[in-house]
Amino acid sequence: MTSHLSTCRPSTVVRVEAAAPAHNQCKNAREEANSSSVSCRMQQEQLTNGVVARDFLHISGGAIQNRHFYSLPGGIMGILSPWTYQKVAAKMILSLLLLHIATIQALPQGAPTTVCQTLRPYHGGGIPAQAGLPPYSIAPRLQGAGVQVSVGSNLGVRFQGFMLQARTQAGEVLGSFQVPSGTEGHTIDCAEPGDTLTHNSPSDKDLLSVIWVPPQGYEGPVVFNSTVAQNYNTFWVGIESPTIQISKRDTAQNGFARDPFYRGCRTNKYCFGAPAGCIDSENCQAAVAVSVNDGNFDFEMKASSEAVWVGAGLSNDNKMGDDSVIECVRSNDGRGVDAFMSWTSRAPFAATRLSNPRLGIQLLNATVSEDGMYCKVRRNTVTVVNGVTFDLNRNAFYVLIGAGSELKGVNSVGFHNLAFLVSPQPESLSGNPSAVLPNRPDMTTPPYYVPEVHTEASSNSDPFYEGCGVNKLCFGAPTDCVKTRNCKAVTAVIVNGDTYDFELKANGNAAWVGVGLSDDDKMGQDSVIECVKSGSRIVPYMSWTTAKPYTAQRLSNPRLGIELINASIVDDSIYCKVRRNAMTTVNGVTFDLISNEYNLLVASGSTVEDNSVGFHNLVFLASARAQALSDISELEAASKLLIRLHGSFMLAAWIGTASLGMLLARYYRQTWVGSTMMGKDLWFAWHRTLMVLTWCFTMVAFVLIFVELKAWSAENNPHAILGTVTTILCFFQPIGAYFRPHPGTSKRSLFNWAHWLIGNAAHIIAIVTLFFAVKLTKAELPVFVDYILVVYVVVHVISHLALSLMNCLSEKSLESKITSFPMKDMSGSGRGSAYGERSMDAPFATGRKLVLGLYIVIIVLLTVALIVVTALAPIESTLNSIIPASMKSN
């Protein structure tokens, strides 16, 4: 008979027979423990050194002496002698005790490699993982040559343990983790060194943020998989991140990954780089490292391959201006590097070399390679620059790092268009804890920094789009323009920690460009950053939009929570970079960029009013969904289906069906005489069918545009008013036709005139309305649509003239009164001409049929062309996305 174990707390174990019914096991345990206050729970059997410890019960409340029972495989326990059994039992107890101690000591220090594939903890002998939705999530974000991975809870639920891996779609573990100092975690080796991350201790944690580096040359999707333990008994297994795409460009050695430049950072030298956090991921665009060697201060600087200069400045504040800067500049041939000392000024910004450009510095080493430029410069401990003493031993400084791709004349570097960042607090480069900011003489420049607006020639390659979808979120108008890099207005959001930088750009001689944060895809109740052209400079503002009526009014504090970092005017384009606080409260609404998701609205216009921008007459587009600004995945534009359908239905109605229906009623009453359809004359049957379609198309289009806009159009364009007049006339026209008097009655002539007048008025106003529609921002129609409409008008007029001429000739040749239009018989008698007996077609019937055939073909082609352009608007961007690049090049 197989034996079971019952363990009582504290340290109490009693034997329970397997043959006993399951519900009696706890009862038997209580009896043996001589206690009625015993609680029991079952656990699974374990195999230890070939000895089976069968199902056992944890019992609390008992107080009996410990007795352990084991059975050996094959049921041999019954044949062991008592002395042999005691020896075996003692060894087994010792083994189990050591194993238990080892397990308890290992888990608080992280997961073992034995669970690399399953990620499943073996807590308490087999506590199951939680089956519900986890309160934790994994957020990966591409950052340079690596991926920043954050594990945490949006609900604020802390966690104690974790195990994190990156896996391919096939489930293979890959890459390695870089753990910043102070992080509660360390790596273990599952498939490759450092490919798995786990906790150091079971202390409570709010957030885990590390850098994961993909294998060299890897390209493909990656999913981060994790087990997160809230505590010992509560954990979730297999939490997955959104899939992130790794490209070879991300894994290429285009940054400084695994670069010896970073060795010793935070241990024996001070390091700082841009963008923020790049020292940990070793992928800075520009970086400086300061080390002290035998009392000498050595500044090492490095920048990406595009840079022609890199500089490190020492400042007493966190703004550019009145700073001492060491510059490393490429020589004219691009193969050498020289070092200079310069001084920055404010308003306007300038970085001018000193009269003695090598004051207190000595170039020790410099290289230029395909990876970038590097220099090492020794700076005197004490230097006096522009009356300011810089004592590197006694003073602390804000450190500024910048890099650019151009020079400004022969005595200054150009703008820091590649990288720029200021340290968040003053740094003691000597490690002196009592270092203080240097005292400075009174400065004539203001205590703020106004970036210089650079006006320069344009370039075929626009650097604005570099990094879109890689390390910044980009969204522009018209739709899909970010892919083709030809946006009329575009914004990019760059997130570094809790710093949110908004880049905006617009062309087409825009006077302003703006980006709004909204909780829907409609304008109204939104917080907007505007960059407005003011002469030769760009001024940023914060504004608030309302929908009924539309306004975009600046706040009473128009720079609430924003700071202009950079701005430029290039040809007909304006550009700005604005830093916005992670949390701002505008009109009682809190905008939390870290925790909340927003729709992006981007717009630009050509006019500016006194306290607001003008209408976005150049471009406007809203994103289809709300998205976290730190999420760099592609952001789709809001659907414009209803607008496209509105335009298509109106074109089909007034270019297509109305034109044909009215032509038939006017000129073809005496054509196809005797032919009928549905019991009516052929001309009348087709006229009625076409005009009913016109009415249906118009009514549907009118409803669709109000469903889309939910308000009257805010554009300064008569299209909306003229369209409403057309719709009203169209609505009542068939109602009047239904109640028309019978031929021969006194009121028939009045109906004839009214029907003719309303029909022609509606058609003429509709065509004029279509011309105005081409100028609408939301329509996004190209200019050539005007020419297509002009062609329609010419064809329509020529057709009417030709048919009128044929009818005149027909009347003269037969000396009869064949009317040239149906309203000519205003007597109401019902007699239209000498052909009233309808026995034969009027003369020139063949010519009229030929004109009608040509008219139908041309009208159908023009209508189809206009509908295609409208439905696929903006047609240029749509064609660029449809036509393969190979076909374009051919």
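Note: Cβ is positioned from N, Cα and C throughout, glycine not excepted.
On a predicted model such as this, the values are computed, not experimentally measured, just so you know.
Taken from TrEMBL, the feature domain 'Reelin' covers 101-260. Taken from TrEMBL, the feature domain 'DOMON' applies to 282-404, 485-605. Residues or ranges marked as domain 'Cytochrome b561' by TrEMBL: 609-807. The transmembrane segment feature in TrEMBL is assigned to 649-668, 689-707, 719-739, 751-772, 784-803, 850-875.
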Spatial neighbours of the transmembrane segment (751-772) far in sequence, C-beta under 8 Å, 6+ residues away: 650-651, 653-655, 658-659, 662, 717-719, 722-723, 725-726, 729-730, 732-733, 736-737, 740-741, 786, 789, 792-793, 821-823, 825-826, 828
Averaged pLDDT, computed only over the residues in the domain 'DOMON' (282-404): 88
Beyond the flanks of the transmembrane segment (689-707) by at least 6 residues, Cβ under 8 Å: 642-643, 645-647, 649-650, 652-654, 657-658, 660-662, 664, 723-724, 726-727, 730-731, 733-734
Helix, strand and coil totals (DSSP H, G, I; E, B; other) for the domain 'DOMON' (485-605): 0 helix, 78 strand, 43 coil
Helix, strand and coil totals (DSSP H, G, I; E, B; other) for the domain 'DOMON' (282-404): 0 helix, 77 strand, 46 coil
